[in-house]
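Below: the structure, in structure tokens.
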Amino acid sequence: MSSKVSPLAPTDVPAMPMIAGVRLATAAAGIRYKGRTDVLLVEMEKGTTVAGVFTTSKCASAPVEWCRDKLKGGSARALVVNSGNANAFTGKSGKQAATLTAQLAAKAIGCKPAEVFLASTGVIGEPLDATKFDGVLDALALDAGPDGWMDAAKAIMTTDTFPKVATATVKLGKAKVTINGMAKGAGMIAPDMATMLSFIFTDAPLSASCLQALLKAGVTDTFNAVTIDGDTSTSDTLLAFATGAAAENGAPKISRASDPRLKAFVKAFNAVLADLAEQVARDGEGARKLVEIIVEGAKTKVSARKIALSIANSPLVKTAIAGEDANWGRVVMAVGKAGEPADRDKLSISFNGIRVAKAGARDPSYNEKEVSAEMKKPVIQIKVALGLGKGRDRVLTCDLTKEYVAINGDYRS
């Protein structure tokens, strides 16, 4: 957690409403940090369904493996998250730590260990002493309440500079349902079917299979379209929980993601995911500029995504943006190396709506002063038009600054 808040942090922080069936509490367990909270317990009422998507890393953490296995049951009663230690690449002791954490949480709230979901973030390769949770989780279970969403988001931070929360309220049938979310990010972010640590909660009565389908579809153009440094974490976890409490107010029970009654809910659900994903991009380690990459005119959407990611992950492109340089030559380089169909002589590039390159060469109307003024702004849009088809996609990233190097050079110090 940095004491210096990113200049890209949202200016408006939403008031997070209560969600029936969800209680939260945080504490300082002394996992790594001093003088701050580092463990979160979320308790959910019986009947809560769960869905999740996780890292594709072949070196997944022990909590990720635990959650993947328990997700088969489709039900959840608790979520335990710790910051400061990722419990990744920790061998047999890592699995034992995950098991002990789940057992302690289950004892604290009175459920089965298989109904406890886990997430850890922090340093990789250091054993997690789960005995530090003994007693702490019991106290959290007693202290848990329906408020405290911002405190929860703060407890899961590592190098983040601000807590990330989002909320939406929508009608399901004739009843009002709420969707709350929190996330943490900052570095080692290039998600694939998941991201960092993100948790979504709703009181909508959704089956586990329905929730899973919504989550899997929702991450495609939100969390999976964000990259900070091109590195996919061992711990990426996105979990969604539905308590179903809104059924008491007349919300219909939904078992299929294709149910037309879900239309407004899906829109709101995806909006929460998109909001959190953008906050992650805004809080990239050392970031001073939010960068939106749009690729259009590609052969396919898949091709457009790959080209957009090639641009977004290029250190040369990102450092040019940090230097407020509209260096379209580096964008051309990134397009060319993406391995996707592209025609140099059809390529056009613009920065914040000002075209700098057209038909494979510098735009005849290029004005250095005009473009330089745009590059000083905190939000930069790079649009690439390939002129080959109708494929289009969008990716969010940030610039690459000296501070990113400093943060990661000192991370274990």
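Placed from the backbone N, Cα and C atoms, the Cβ positions cover glycine too.
Among the features that Swiss-Prot reports, active site, nucleophile is placed at Thr195, with the record citing sequence analysis.
If you look up Swiss-Prot, you'll see Thr158, Lys184, Thr195, Glu285, Asn408, Ser413 marked as substrate binding site. Of all the Cβ atoms in the protein chains shown, 28 others lie within 10 Å of the Cβ of Lys184 (substrate binding site).
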For Lys184 (substrate binding site), the three-state class that DSSP assigns: strand
Secondary structure of Asn408 (substrate binding site) (DSSP, helix/strand/coil): helix
Per-residue Cβ crowding (10 Å cut-off), top of binding-site residues Thr158, Asn408: Thr158
Other C-beta atoms that fall within 10 angstroms of the C-beta of Glu285 (substrate binding site): 27
